[in-house]
Each structure stands twice: as structure tokens, then as C-alpha cells.
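Worksheet: one structure, shown below.
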Amino acid sequence: MATIEEIAHQIIEQQMGEIVTEQQTGQKIQIVTALDHNTQGKQFILTNHDGSTPSKVILARQDSTPGKVFLTTPDAAGVNQLFFTTPDLSAQHLQLLTDNSPDQGPNKVFDLCVVCGDKASGRHYGAVTCEGCKGFFKRSIRKNLVYSCRGSKDCIINKHHRNRCQYCRLQRCIAFGMKQDSVQCERKPIEVSREKSSNCAASTEKIYIRKDLRSPLTATPTFVTDSESTRSTGLLDSGMFMNIHPSGVKTESAVLMTSDKAESCQGDLSTLANVVTSLANLGKTKDLSQNSNEMSMIESLSNDDTSLCEFQEMQTNGDVSRAFDTLAKALNPGESTACQSSVAGMEGSVHLITGDSSINYTEKEGPLLSDSHVAFRLTMPSPMPEYLNVHYIGESASRLLFLSMHWALSIPSFQALGQENSISLVKAYWNELFTLGLAQCWQVMNVATILATFVNCLHNSLQQDKMSTERRKLLMEHIFKLQEFCNSMVKLCIDGYEYAYLKAIVLFSPDHPSLENMEQIEKFQEKAYVEFQDYITKTYPDDTYRLSRLLLRLPALRLMNATITEELFFKGLIGNIRIDSVIPHILKMEPADYNSQIIGHSI
């Protein structure tokens, strides 16, 4: 039988060898694969790239570890290690390591970094990497850095050139198994919770969705675990990397942004997140002037009838009010004049309704809704990040919530109910109004992608045994109900007037047990229904059953669990603060300061 050297010469003469570049030194070599039926494994014969006599003859066997083979024949320099960075063991990324240090011994085999091929220091974040790639991955995930590739997104990442393209380096880290949950666990200790699951939108986590449609990566999700939520109703692990392409999102040339620059580009986004997050930490940090005022107030307690509990309540209410005043001012000013004019115009024509049901209501002349109530414009935070994170989703949802509150406040009849009744109505039906807003802003918010993210999060959490089957079933049912409702509304091609009347009918629902003046609220609902019927008859005279089809969609709103909606869309932004607790402060804002209608996409 011919020797290995003879087989090598025969193959080289037939020009069947492959010339590759060794990434460590940049030297071109020729690798030839010879088959010997009497020997198990693959045999690699490395020759000079000019086809001369082979400089090295190496017999290699494939190891059980994917993408790695070990040498069985050392050369004069010591033990070599042949390592392929592609799972199919192709020779496109060939790396050789020779160690001839006297203290290592001839049988010492070193692991290489799966990302760049440098000498690995151990397993970091789920993959064998060097210290350099470990630190790079940790910084990228913790700071949520966004990178761009100036090439074709297949840059060579090796020991010498790994810093040239941070985008490809990060993609390579993720592709070879580095997980973000390991990074998150280092940020704070894992808390022991009564349930094994955690929240789907924790404030320290990030939901990543690939935005670049040209990326060669396949849509394989990698789940990222979060620390257990302190709320007992925590639902899902949220931080995850999703290769889901948002439909309808324009692919833009990405810009390399550091964390500081990214925050400056998303000014109102970070401001909103910081202000709302501060509500979860009320009383923890105070400025010096505020401390002095508090001390004087505390001293006065000894000479006053005010109790300490009452003082703490006043202190908390003041913090919440100031935080939400700042939150409202962080949003760009828009069309607040419409709301002011509507409220001013109702004076003299509508009597304020208090909690006393004996007070008669004088019905306002004219329609319940005017043309100014039809416009419902939602502008998403700009710019849209390359990787959609939970704070971006949270602020988008909070803008929709603010916009819905602004819409309700602009209705004179709603204002006529008085502050307490108005707050009770919004507390009771904010989830229904928010869900209708999701359907109306389906394309602007790219709701389909957000829901797909939640579904993949559930699948991965179940596979990793992070929640029970019953809990997963509950969440999946809610998400599918939400998706089904929005899809059905989109198919009906509902216009702005129809959405306005549907929301008015939902808002003035008198069947909640905590409401007062139910008869007055019912009159508003009846008036909204009559106006809705007149509009449908005039606008769609040939569609006899359109009104019935639209009204029959409203019962599905009652099936939406407000707690789960809150967990999915708002928990990552406001922590343990409940939507019910912030609604009064939103509705008590001054009209000049309150405005979440930012000029932008018109629905």
C-alpha cells in the first residue's frame, strides 16, 4: 500500500489540493485530504502552497467536540492542534497551534478560543474563549452596544484582526454559544423566588430582534435568562436574542454607537425609562434641598396632628407627581391645544357630575365625539435600535398608553364626570383601550414582531425548564388572543371614526362594580352607540352587517388579562409599579404638560 507521502504527491500532481490561509500567521498553506481505509478518521497532509514536497504530514482524528480535531502525530516542534472554526470541518478557517515550551510536555493540548483562535483561558458565558473575547462580549451585552459591519458581514475574526469588525465578532460570539444570561447573572445575585419563572420584561434585560434582513444567520433563537422577579406574578424570562426579522421595518445602514452616544440619540427614550424606573425606587435617593425640607416637615409632626403615615403618603404622592410631570415633558410637545379647547368649550354646556347621584346631568348639545377625536397619531421612539430591546418596547407601549389617556381627556363628557369617576373608568378599562390602540397602531408599532418575540420567549423558557406547563399555557393563550383580536381588526379595515366610537363605547361602560353615577355613564355609552350607528349607516350604506361585526369584537377585549398585558409591555420599564397606581397621576397632569401625541405616523 502506498505511503501517506506518495498519496500526497499523487493528489498534488492532480491539483486536487486546497490553498488556505493560516489565520495565526497569515501564511498560505495547502491542505490535502487523503483517504486510507485501514485507518479510522481523517488524514490531513499539509504541504507548501507552491506544490513542493510536503512540509508537514499530520494524521488527525475527529474529537467528539463539534468543530474540533486533535492531532495524533506530532512533528519535531512539539504537539500540534488542528482546529476548524466551522461546524462542517471545512478548511476555510484553519488554525494551527504549536507549543514547544519545555515545561508543557509533549502531550499537552491547548484549547483555542472558538471566536478568534487565540489561546483560550476557559469556558466563559457558555463557550471556550480567550480573555479578550470574554471581555468584549461582556461589554457588548451589558452596555447594549450596537455595531455595524462595513463589509459583507463575513469578516475574518482571528487573533490579530479580531478588533477590526466588532459586528462580526459579536455575531461569532453568539453563533458559537456565548449566552447573555451568564452576563446578566453577574450583574446582581440571583434572587430566590417562590416560583421558578421570572418576568417577561424585567428592567435589567433586553429583547433582541435582528433588524438586518441581509444577515446570513438563520432564525435560531437563543434564550437569555433573567434574575427572578420580586413580584410573585412574574411571568417570563425576557432577555433573549431573537433572529426575527421585523416585517415592514426599513433596513437602514447601522452606525457604530457607544452607550453614551446611543443614549444621546434616543434622548426621550432614555429619559422616559429613567423617570419611570425612578418611581420603583421612591424614597431611596433625595437631593440635599429636598432632605432639608423633609427634615423640617418631620420636625413639625411633633407639633401637628399629622401622622407619620400621612406624611409618608404625601411624600410618595409628591415624588410620583414630579416624576410623571418630568415624564410628560420628556415627550415632544404636540397637539395639546385641541384638548384644551375641548375642555374649555364644554364649560357652560355640561354640569360637572360628582359622586352624588341626585345631581341631574344636563346633556351637552352636539355630538359626543367630534372630528378632533378621530386623529390618533403615535410616533415611535427614534431612532429604532438595531437590536430591539425591552426598554424600546416599554416606551412604545407607554406612549400608546399616554396617547389613549390624552384621547379620553379630550372628550368633554369624560371630563364632566369629575376626577374620581374619570380615574375609576380608566382604571377599569385601560387594558381594553390599550388593546384597541394596539390594533389601531398595528403597523406603526410592529406589534406582530413583538408578539412573535414573546412566543419564542415562552418556547425557550419551557425547553430550559424555567416555567411550568400550566403557566406557559396561560401566557400562550393570552398572546394568541391578543394576536387573533388584532388580526381580526386589521382585516376589517376599520377607519379612525370607527376606532374612536369603539373606544368611547368601551370607555363609558357602566358595568364595573367600582363605578359611581352608572346611569350617567350609561347615557354616554348610549349616545356613543347612536352616533356610531349613524356614522356606519351614512358611510357604509351597502354593508348591512358592518356595525354588528364591529360590536361583536368588543367582548373579546374582556378576555384579555390586564395583569399579563402589564407584565408583557410595561414591567420592564416601570418595575413593580402597577398601571393602576400611575393612572391617577397621569390624569391629574396639567393639560399644558400632558401630551403624548407626537407628530408622526398618522393612523
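Quick reminder: no glycine exception, Cβ is built from N, Cα and C everywhere.
Of the given residue ranges 324-343, 524-543, 584-603, Swiss-Prot assigns the label region 'Required for interaction with NRIP1' to 584-603. In Swiss-Prot, the feature phosphoserine is attached to one residue out of Ser215, Ser382, namely Ser215. Screening Lys159, Lys196, Lys250, Lys473 against Swiss-Prot annotations picks out Lys250 (annotated as SUMO2 cross-link). Of the given residue ranges 24-48, 149-173, 274-298, Swiss-Prot assigns the label zinc finger to 149-173. Per Swiss-Prot, the stretch carrying the note zinc finger among 71-91, 113-133, 407-427 is 113-133. If you measure from the Cα atom of Ser581 (phosphoserine) to that of Lys588 (SUMO2 cross-link), you get 12 Å. Counting other Cβ atoms within 10 Å of each Cβ, the lowest count among the recorded positions Ser581, Lys588 belongs to Ser581. Look at Ser581 (phosphoserine): DSSP puts it in a helix. Note on the DNA-binding region (110-185): mean pLDDT across this stretch is 86.
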